[in-house]
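According to TrEMBL, the protein carries these features:
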type     : residues : note
DOMAIN   : 2-108    : domain 'EamA'
DOMAIN   : 120-254  : domain 'EamA'
TRANSMEM : 6-23     : transmembrane segment
TRANSMEM : 35-57    : transmembrane segment
TRANSMEM : 63-82    : transmembrane segment
TRANSMEM : 94-114   : transmembrane segment
TRANSMEM : 120-138  : transmembrane segment
TRANSMEM : 150-172  : transmembrane segment
TRANSMEM : 178-200  : transmembrane segment
TRANSMEM : 207-230  : transmembrane segment
TRANSMEM : 236-254  : transmembrane segment
Amino acid sequence: MPGIASAFYRMFFSSVAIWPFLLSSRTKLASIHRLTLWLAALGGVFFAGDVGLYNIAVMHTSAGSATFLGNNAPILVGLLTWATTRRAPSPRFWTALAIALLGACLIVSVDAQHQSSRSSADFLAVMASVCFALYLMTTERLRESCDTRTLLTLSTTASSVILLVVAVSAHISLRVPSISSMAALLGLGLVCQLMGYFCLTYALGHLPATITSVMLLAVGPLAALFALFLFKEHMATLQILGGGLVVLGVWIVSSSRRDQHLSSEI
């Protein structure tokens, strides 16, 4: 299936599953401020870009490369914050950025030696990371005025609509080829999107930041390992080194933010 089509079904099934929980809660949609609705919808647009671009990228490059390049959101959030607030990042941030960029260049250089389509897919993975960073920045200000369930419902619904519009406008087929494909799509929507998001939110609220930040960095290596065992996708030595540098750069930024948060609390 096309990447946009699978991304649509992922968000659509998640939306269908979560709406009953929102409607049965005490949250009144009419009481939600209009600005909150628009920001949640805008977050959904960026999240649609993240999922759609990543799905396209992973079909044309290795899962490991796409995941390593698509998990640069903490660094990109720092750059975007600097661009919008004009507050210069710390030297630690620039060190992390240089390390992550070096890692990304190693991954892309190996892919470029195989075929040009892989380089294009790597670029799409980076753009997916940009979209996710924009999603985080857009929805960050909603945390105080909007609970997780409402925010997830609104943003997921907006993502579904955007992906459907893109698919129809680009004449992308939404046909599900088989029952096994439908089962996989249901898994994407209900397990990866819905349950995964809630588990992550629960963990962030109950575990120390030192643990969750390190655990989230395992996404890239785990994706590479799963791709190796399930799809026989092998990563070159330089790609493994590049992935390690990307993870190191993201960890430096994440640990820097954690230290700033702890110092502000003290």
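Cβ atoms are placed via backbone N, Cα and C, with glycine included.
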Averaged pLDDT, computed only over the residues in the domain 'EamA' (120-254): 80
Top Cβ-contact partner of the transmembrane segment (94-114) among 35-57, 120-138, 150-172, 178-200, 236-254 (pairs under 8 Å): 236-254
Feature contact check the transmembrane segment (178-200) with the transmembrane segment (120-138), CB under 8 Å, 3 or more pairs: no
Cβ contacts under 8 Å made by the transmembrane segment (35-57) with residues that lie 6+ beyond its boundaries: 2-4, 6-7, 10-11, 66, 69-70, 121-122, 124-125, 127-129, 131-132, 134-135, 138-139, 141-142, 145-146, 150-151, 154-163, 166
Distal contacts, the transmembrane segment (178-200) - CB-CB under 8 A, six or more residues away: 1, 6, 9-14, 17-18, 148, 152, 156, 216
Outside the transmembrane segment (63-82), six or more residues from its ends: residues with CB under 8 Å to it: 50, 54, 57, 88-89, 93, 96-97, 100, 103-104, 107-108, 111, 118, 121-122, 125-126, 128-130, 132-134, 136-137, 219-220, 223-224, 226-228, 231, 233, 235, 239, 242-243, 246-247, 249-250, 253-254, 257
Residue numbers, six or more beyond the limits of the transmembrane segment (150-172), whose CB comes under 8 Å of its CB atoms: 2, 4-5, 7-8, 11-12, 14-15, 18-19, 21-22, 27, 32, 37, 40-45, 47-48, 51-52, 135, 139, 142-143, 193, 197-198
